[in-house]
Number of protein chains: 2
Amino acid sequence: MKIGILGAGQLGRMLALAGYPLNLDFVFLDPATEACAAPLGSHIQAGFDDERALTEFCVSVDVASFEFENVSAESAGFVASRIPLHPSPAALTAGQDRLHEKQLFQRLGIPVPAHAAISSLEGLRQAVRQLGLPAVLKTRRMGYDGKGQAVLRSESELEAAWERLGSQPLILEQFIPFEREVSCLAVRAQDGQMRFYPLVANVHRDGILRTAIPTLADPLQREGEDYARRVAEQLDYVGVLAFEFFVAGGRLLANEIAPRVHNSGHWSIEGAECSQFENHLRAVAGLPLGGTRLRGASAMVNLIGDAPPVAELAALPGVHVHLYGKTPKPQRKIGHVTVTADHHDELLALLAPVQTLVERYAG
Amino acid sequence: MKIGILGAGQLGRMLALAGYPLNLDFVFLDPATEACAAPLGSHIQAGFDDERALTEFCVSVDVASFEFENVSAESAGFVASRIPLHPSPAALTAGQDRLHEKQLFQRLGIPVPAHAAISSLEGLRQAVRQLGLPAVLKTRRMGYDGKGQAVLRSESELEAAWERLGSQPLILEQFIPFEREVSCLAVRAQDGQMRFYPLVANVHRDGILRTAIPTLADPLQREGEDYARRVAEQLDYVGVLAFEFFVAGGRLLANEIAPRVHNSGHWSIEGAECSQFENHLRAVAGLPLGGTRLRGASAMVNLIGDAPPVAELAALPGVHVHLYGKTPKPQRKIGHVTVTADHHDELLALLAPVQTLVERYAG
């Protein structure tokens, strides 16, 4: 079976690596010249809105998915009218606008931080009076890894933030002094069956995920699964869905969803019975889902900006190296490592030297 | 780093899948049109003795290895005179001739079955009188998966066996009524460091490996490691070496070596800390070796001739599907599945239905 993927970055690369053993082949559509998934399949180098390229893409595959969630509704609709696209265009676009996304959560009874749509400086001032400070001003669309955001701590910062971001529709969100951040990775098959990975504890710095550690018997597991199920069923979702939460007052507060395999699930390649990548493909290809149980303990550390020499990483016990074939560049995700151990205590002992080494090179 | 692989079958395919995360890229040389590793790298489609193609191969890679052990000494020498080739031509050829292989084992003090070189029907009769029956007549070169062999049970069978095989140099081996067959997978780095996987219990049928199960604390582990170390050090070996043994009278008796990753180590993808494929590449690329410890319990079942529908395999708990993208054909290895579990008892319970399903389709 030939799988088409919109986007050919590291997520596409890891999907392909998971897919070959299932006899799946891959076609990627991506405008980038340095598309790190390209060596693992055919690469149609074109914009996501290039109808000629999209047509070529559709005729050359059996079923399509995406690894880049900012594919436009039009392009997704174009593909979905020709071949099966999983998740659907409606699922893809549900998280593209932060305001609509929060409205969806609210309709489904999922708690969200207080927020307001912002379309003028006056509106921003008014929302700040209602929500209080600190607060976070975000573009409604296209933000990722902390881009398109401004944390507002005093009234004096409003005008500069509006100057920087105000050319686009915005949302102001109450700043959540969270205890921790977690994500729930869920996968839903074409027949509606769902499976859930253990909640993942995520640590960000400068808006970029640094470490992700699956938790064991997290007291919020059931709540996370419940919320992910509500969203997935509402959207008749097929594939892996990532749902990011803040934990505040011991409860989950929805942050955002990503309609795709997710950085906080990379540990699952070694750390779960069936990885998020394989499970996404199983769902997309109409196969039964794989197990989401942990295999021992594991943790993922991102390689941001630059990475230690592979020989230094590979020398550390329990380390699994995943480089993406990308040119190092400040703030760029160029790889990750997963540390595995039999037990959580052993994991923490192995993890510390890995983090120290990785931090020496991160940029 | 660009790795060149002579051969582009399933072993090359699994090497590439293990190599991408280490930022390795692949060039394969193989005469086959349906070369199942080809989609994972560049494919130079040419014979292994085509000097023009070998030259192209050498200039396009940094270091070379092979997945097909019957590459000729000349071709291996041609490559090794231009770029690093691991294992070396001497290591490659050490196992190509069954007689020389046994002589090597004997020089190293490794027990072997009684045997004799055969070059005439009269010589065969004489050897049978010495070794007794049953005995196994084998071609000295190019045999695999039980091909090029005849089991002799009575004097009346000698002439027919000679007729069938006698056009090539032969070896007669005492038939070993073995208790079990095991293999020792070892890996040796460029600096001489060695690691060993747990001994694997192998079950063959019709000369083809059917199941391979790594053993836990096998009483023969140390003996297997010792023998593998003697051979690897003698050959200044770099990479994964597979050493197959008979167990008779509770001791190891050398059967044969394979200078490459081996079917009896496929379980290591999920079942060991670092797979045989990654460890081979680490050795070839000059990286530190990865851990060879077991992760829980695991077993491998080959898919021979044909395979159950992937949906049926994928539905079984603990099953990891590895299809090779090969056209089904009687006696052909077209894939394998690995079954993983936390403990050995659980493994056996999960393994039984897998074997039943696989046997229904095997041909």
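Glycine is treated like the rest: Cβ placed from N, Cα and C.
What you are looking at is a predicted structure, and each value in this text was computed from that prediction instead of being measured.
The ATP binding site annotation in TrEMBL covers A:Arg98, A:Lys138, A:143-149, A:173-176, A:Glu181, A:His204, A:255-256. Look at TrEMBL and you will find A:102-285 tagged as domain 'ATP-grasp'.
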Local Cβ density at A:Arg98 (ATP binding site) - other Cβ atoms counted within 10 Å:
23
Tell me, roughly as an integer, the mean pLDDT over the domain 'ATP-grasp' (A:102-285).
96
Please list, in sequence order, the residues in the chain of A:Ile176 (ATP binding site) that are at least six apart in sequence and whose C-beta is under 8 Å away from its C-beta.
A:Pro113, A:Phe246, A:Ala248, A:Leu253
Cβ neighbours of A:Glu173 (ATP binding site) where a neighbour is any other Cβ within 10 Å:
20
Which of the listed binding-site residues (A:Lys147, A:Asn255) has the least company, meaning the fewest other Cβ atoms within 10 Å of its Cβ?
A:Lys147
Which three-state DSSP class does A:Arg98 (ATP binding site) fall into?
helix
